[in-house]
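*Asks:* Here it is: the structure, laid out below.
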């Protein structure tokens with residue numbers, strides 16, 4: 001219940017901050033409505049993205065750091081390695097923690113508008129953002145696919161080895177890590193002459209049409225369309241399976257748990273990553289000057305900061321997935337929380353008795 005109220009208050013803070021910033025930007029634009037429309041459309045007039053990014057990352061950093069650190073600690077130390085999808089959960093937590101640890105640099109930049117840490121840290125933090133996004137997409141897809149496979153093929157699940165999950169996870173890191181390299185390369189064009197800018201203020205490297213179409217197609221297919229199809233298929237198959245009688249050693253409760261996990265993976269995926277990938281196509285073409293229609297340019301630039309902020313929220317939603325979907329994780333967290341509370345009470349009682 002406490003976790004639920006914390007989650008509600010967090011979202012209330014996010015939404016309130018976003019609405020305040022957007023209203024301020026709308027008022028600013030209405031006051032400048034006498035300017036040349038073409039100039040307003042083509043120039044980078046958005047200023048609300050600085051406080052938007054700073055506010056969102058501040059609200060994410062502490063809860064995300066604590067939640068993912070606790071999740072990684074519990075998953076690695078106390079959860080049975082035979083637990084379904086445990087290896088993918090550990091890797092998902094590592095991906096989230098890597099992005100969370102880079103947030104203080106982003107917060108500093110969006111508050112001060114100055115980057116004093118040279119070129120390599122800027123590109124590394126920029127790279128970790130997209131590494132987290134696409135690694136999270138892959139591991140959420142693997143969790144959904146594995147739970148669906150184990151539910152539909154329970155006899156094969158008994159023969160599944162943990163080293164298979166380790167090998168799949170290693171392959172994901174190599175493939176995703178390599179595939180995300182073009183993102184910082186595309187944005188490193190101005191860093192040689194301008195070392196004070198980073199993140200949203202980085203310039204874009206011009207690309208030819210063939211390379212641009214290839215990059216957009218690969219990112220959308222591998223990073224969005226295929227995972228959407230897989231997660232939707234898993235959800236559909238497991239919903240149908242829930243209506244069928246369970247096998248001898250597989251109760252209805254296990255089916256319901258597996259279905260809840262797939263539903264949660266789908267919810268995290270659609271909330272965090274769908275807006276970004278819908279906007280990504282238009283945003284890339286706007287920055288490459290392929291799209292020049294003023295309404296599309298303005299709406300694309302407006303939505304892009306919100307899409308990036310939603311993508312970062314996966315660092316908070318993923319630990320909720322572990323907590324509610326893995327009963328062993330929940331039991332271990334409650335047990336160790338109770339032991340910490342008891343030790344504090346005992347220390348207070350011993351201290352008061354010594355004073356008395």
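Cβ atoms here come from the backbone N, Cα and C positions, even for glycine.
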*Asks:* Checking feature assignment: transmembrane segment per TrEMBL, candidates 302-325, 326-349. Which range matches?
*Replies:* 302-325
*Asks:* Of 239-260, 261-282, which span is tagged transmembrane segment by TrEMBL?
*Replies:* 261-282
*Asks:* When you look at the transmembrane segment (209-234) alongside the transmembrane segment (131-152), do they share 3+ Cβ pairs under 8 Å, ignoring any pair fewer than 6 residues apart in sequence?
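*Replies:* Contact between the transmembrane segment (209-234) and the transmembrane segment (131-152): present, because at least 3 Cβ pairs are under 8 Å.
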*Asks:* State, in range form, which of 52-75, 87-111, 209-234, 302-325 has the highest count of Cβ pairs under 8 Å to the transmembrane segment (164-185).
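*Replies:* By the under-8 Å Cβ criterion, the transmembrane segment (164-185) pairs most with 87-111.
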